[in-house]
Amino acid sequence: MQSIPIKHVGADNVSQLIDRFERQYVYLRLSVTDVCNFRCNYCLPDGYKPPSHRQQFLSISEIQRVVRAFADLGTEKVRITGGEPTLRKDFLEIAHTVSQTNGIKKVALTTNGYRMERDIDLWQQAGITDINVSVDSLDTRQFQLITGENKLQSILKGIDRAFEIGYRKIKVNAVLMKQYTAPELDKFLAWIKDKPIQMRFIELMETGEMDSFFKAQHLSGQSVMQRLLQEGWQLQPKALSDGPAKVLSHPDYQGEIGLIMPYEKNFCASCNRLRVSALGKLHLCLFGEEGIDLRDLLSEDTQQAQLKARLKAALQGKREHHYLHIGDSGIRNNLASIGG
């Protein structure tokens, strides 16, 4: 397997968030809601079920304070996730607030695309610099079978509109599944041949609620990787703030392929991201502990020093790697609550 070079950045990018294994954290994944309106068969096949007690998601002011603390400690990139973040009525205000935080250079959005065609112009105006949208199939019927929603054509129009208004690249996510996604690989490759899309195939991950689905549908991304390498695709360098994807390009394609393979050896070695849930808990790993509560330090601006101290101290408890390879997904029953 080819190794991926890491693209080094300047000294002004040095983060104060460094763990025991000398990994540097410049990337925050911020969930703003647990609610999702899709019923994806690999995540929430029965749809979102609200808890019996009313949950209060992070407010604008709380979001502002947590992002400011991370930025002060060297974070440069924030990804707004959910659930489906655009379902929040104040989503545009959230995006604007994050984008206006001193030190934040990229504000990315992960979305199911439900409102993309309608709102993409507003997202851009609010400060969203990068977009990841889920498209698990390019077949209308299959897309509805996977997601429970007949929205494929609208999402594809939203992607086209993003290019029209100046987005230079859109990342498209598809969960790699034996029955659904894998047979469409050629169709996805044809789609990105003349479009600046990074088509990202994400290995299905085992979670508490989806064990049987995982056993039936899991497919290693290595099989896709080997095929692409044989067809002339080449691995690209990674920047410090990039996500976990191994990215491949081909001289005959305008688009790229990204492979996210959490079961691969050393997957965690280049981890650069921390997660804050919509309820204000810091999660050191997607497949980890119950989270470290930050909310008691988000009510006043005067608590910033305490908040930053808690973040730095908590990071020292981050494990070297997850334990997915032995079937341990931690407390994660599904990925909707923390945005994957």
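Just so you know, glycine gets a Cβ as well, placed from its N, Cα and C.
Site annotation for GTP in Swiss-Prot covers Arg29, Arg79, Lys171, Arg273, Leu274, Arg275, and the matching candidate from Thr110, Thr111, Thr140 is Thr110. When the binding-site residues Cys43, Ser134, Cys285 are ranked by how far their Cα is from the Cα of Arg275 (GTP binding site), Cys285 comes first.
Neighbour counts of Cβ atoms within 10 Å were taken for the binding-site residues Cys36, Cys43, Met205, Leu274, Cys285; the minimum is at Cys285. Of all the binding-site residues in the record (Arg79, Gly83, Thr110, Cys268, Cys285), the one with the smallest CA separation from Cys43 ([4Fe-4S] cluster 1 binding site) is Gly83. Cα separation, Thr110 (GTP binding site) to Cys271 ([4Fe-4S] cluster 2 binding site), rounded: 19 Å. The separation of Cys285 ([4Fe-4S] cluster 2 binding site) from Arg273 (GTP binding site), Cα to Cα, is 9 Å.
With a cut-off of 8 Å between CB atoms and residues at least 6 apart in sequence, the same chain places Cys40, Thr110, Thr111, Asn112, Gly113, Thr147, Val172, Asn173, Ala174 near Ser134 (S-adenosyl-L-methionine binding site), listed in sequence order.
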